[in-house]
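Below: the structure, in structure tokens.
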Amino acid sequence: MWGFLKRPIVVTADINLSLVALTGMGLLSRLWRLTYPPAVVFDEVYYGQYISFYMKRIFFLDDSGPPFGHMVLALGGYLGGFDGHFLWNRIGAEYSSNVPVWSLRLLPALAGALSVPMAYQIVLELQFSHCAAMGAALLMLIENALITQSRLMLLESVLIFFNLLAVLSYLKFFNCQKHSPFSLSWWFWLTLTGVACSCAVGIKYMGMFTYVLMLAVAAVHAWHLIGDQTLSNVGADVQCCMRQACVGQMGMSQGVCVFCHLLARAVALLVIPVVLYLLFFYVHLILLFRSGPHDQIMSSAFQASLEGGLARITQGQPLEVAFGSQVTLRNVFGKPVPCWLHSHQDTYPMIYENGRGSSHQQQVTCYPFKDVNNWWIVKDPGRHQLVVSSPPRRVRHGDMVQLVHGMTTRSLNTHDVAAPLSPHSQEVSCYIDYNISMPAQNLWRLEIVNRGSDTDVWKTILSEVRFVHVNTSAVLKLSGAHLPDWGYRQLEIVGEKLSRGYHESMVWNVEEHRYGASQEQRERERELHSPAQVDVSRNLSFMARFLELQWKMLVLRSDDSEHKYSSSPLEWVTLDTNIAYWLHPRTSAQIHLLGNIVIWISGSLALAIYALLSLWYLLRRRRNVHDLPQDAWLRWVLAGALCAGGWAVNYLPFFLMEKTLFLYHYLPALTFQILLLPVVLQHISDHLCRSQLQRSVFSALVVAWYSSACHVSHTLRPLTYGDKSLSPHELKALRWKDSWDILIRKH
């Protein structure tokens, strides 16, 4: 029983010293003097604001991507004890002592450093040589643009890390499939593939490109798996198969049902990423529970779920709207800006500038600020009272209502008079009786758009409603046009005729609500400033908040005005552009996003060579001429699918995007080019060089080429790290292309 004590306990470890060395060099290149410069560098001014919001638990909305990337950066701030108090208002601002610069830049730097050994492992898993794998890693190590981007508080290095992790995990899973399906390592790498893909998408929507690539490669492999006759039929013995899979039996290449393989891939590559994606938003919304500057972009219900802001105003409001209720009506569309139905004493001009006439009735607009003139009273057309009865008579879907303006007591009206800026729509006004042949037309039918049944009650914040004019069937709508000075540049409200479709500009919701109790106008005006307090909880579910936030992120468009350093995708491939990230306030030291031109041009050439060789091989194979052994051909195809395919899916979609683009958008595609480069070089050496002399000459050329890449990397080092002040002559010498914007001070 105690026999094991008679022998020493020995633990053996298989350590790849090359991998250790690459990891060490990667860490050194990315972490060296990480706190320099101690100032805001380029897009750090953008991401820093969101980190401060996380530290203060303030809600924000960023349309650039899901929240996981921001949470990664915020984690660095949390680990460094950052309190969020720093004014991120300009590039070049010196960091104050309370900003943990090293901690904030640490996680992107670690991601960039670990991408180096990961490139080595990917090429090895593709079954290429140790020399090719070292070449890929060393190219990642010395690429100046990757170094620059990973040393700052930016997200591209984190995105690249998860892209490469997804590829590496899938390759390890694929190689496990050959000899030990359903083993522990098989499950681990398959699951990690899904996790990495989800994280890549959670960093930026660009991560979806790599995720789609991995799904496509996995689908092709699954298709081949279905045709594998060594596996049982799809419906055969599913229960037995699942039982075997659960216990993790080894060596199940024979008799394992196809269904289990397909189910495992579906769960790992589809279900797990979706669950993780939801988890990112769940944590995001749990952390950011306070009202913030982006609240008004969201719906009233979303705003009311946040602490402070609208929630403070609406706390205790009655839930159900009744006849006599005093309400503010917010347009659901929220474009061009969020606004509320509004009126004031001023009337429409008798004659517009274009010569058309108006009704000269009281103006009705949409006003983008809180104001006492936003209040309306929901009146029963059959009664004169403007107060809520006891018990309250609730307003339901389909009821006829009149909307009486709280401060002027005039009713919302529309008629067959052209709107001031939208002549094909009807003018909306508050009716003034001029004792002329223009009777009031102030009856509206309430339609609850998101109703569950035709008897639903109109609810504060939760109900989205339309107002349909009884006489003309026109729908109350925000046109979005800004009125001239006579309308105080407020937004035009119209009656949209013949509207058969649904659009959010026609939909409204009650935001602020109180039960009116004063019949006298003077008392009612005082009442408008003193909301009733009836405590009603209206917390949104997580899924409701997630769906709204996700939709806003997809449809919201930030200002895509032209930037000094914006560029087109065609300029990226040949490195015809750069970005000046930072300039020292007193010396000529500066940091640029500028790539190693030898690596960039070589990567493009390698891609072209791969495409031409693949086309040549395919044509030859069509003629039943096999230039490559089957295993070499399969390696070549898989390497192209992942590396060339990774470049294509991360580059070509930018030609279809209508947004401001920058050089750093190309970096994920560049990493796949770098992976392909040593693959092509080894292929040329192994299969195109026919003699030993040719291989020796080719190897010497490769060494000379890599030496030139190292020389370029070292030459550009002052612009990569920004820690050395160069003379104007030295800076001009680094301007190898006329399109490069190297900053030279004029003294």
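Cβ from N, Cα, C; glycine included.
Here is what TrEMBL records for this protein:
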{"type": "DOMAIN", "residues": "318-381", "note": "domain 'MIR'"}
{"type": "DOMAIN", "residues": "392-449", "note": "domain 'MIR'"}
{"type": "DOMAIN", "residues": "453-513", "note": "domain 'MIR'"}
{"type": "TRANSMEM", "residues": "9-28", "note": "transmembrane segment"}
{"type": "TRANSMEM", "residues": "68-88", "note": "transmembrane segment"}
{"type": "TRANSMEM", "residues": "100-120", "note": "transmembrane segment"}
{"type": "TRANSMEM", "residues": "126-147", "note": "transmembrane segment"}
{"type": "TRANSMEM", "residues": "154-174", "note": "transmembrane segment"}
{"type": "TRANSMEM", "residues": "186-203", "note": "transmembrane segment"}
{"type": "TRANSMEM", "residues": "208-226", "note": "transmembrane segment"}
{"type": "TRANSMEM", "residues": "262-289", "note": "transmembrane segment"}
{"type": "TRANSMEM", "residues": "593-613", "note": "transmembrane segment"}
{"type": "TRANSMEM", "residues": "633-654", "note": "transmembrane segment"}
{"type": "TRANSMEM", "residues": "661-681", "note": "transmembrane segment"}
Do any residues of this chain, six or more beyond the ends of the transmembrane segment (68-88), have a C-beta under 8 angstroms from a C-beta of it, and if so which? 40, 44-56, 62, 95-96, 98-100, 102-108, 153, 155, 158-159, 199, 202-204, 280, 283-284, 287
Going along the chain, which residues at least six beyond the ends of the transmembrane segment (154-174) come within the CB cut-off of under 8 Å? 42-44, 47, 65, 69, 72-73, 107-109, 111-112, 114-115, 118-119, 121-122, 125-126, 146, 185-186, 189-190, 192-193, 196-197, 199-200, 203-204, 206-207, 210-211, 214, 217-218, 221, 642, 646, 650, 664, 667-668, 671
When you look at the transmembrane segment (9-28) alongside the transmembrane segment (661-681), do they share 3+ Cβ pairs under 8 Å, ignoring any pair fewer than 6 residues apart in sequence? no
Does the transmembrane segment (186-203) come close to the transmembrane segment (262-289), meaning at least 3 CB pairs under 8 Å for residues 6 or more apart? yes
For the domain 'MIR' (318-381), the DSSP residue counts stand at 3 helix, 30 strand, 31 coil
What does DSSP give as the helix, strand and coil breakdown of the domain 'MIR' (392-449)? 0 helix, 26 strand, 32 coil
Which listed stretch (9-28, 593-613, 633-654) has the most C-beta pairs under 8 A with the transmembrane segment (126-147)? 593-613
Contact call for the transmembrane segment (593-613) against the transmembrane segment (9-28), three or more Cβ pairs under 8 Å: no
Average the pLDDT scores across the domain 'MIR' (392-449) and report the rounded value. 91
Helix, strand and coil counts within the domain 'MIR' (453-513) (DSSP): 6 helix, 27 strand, 28 coil
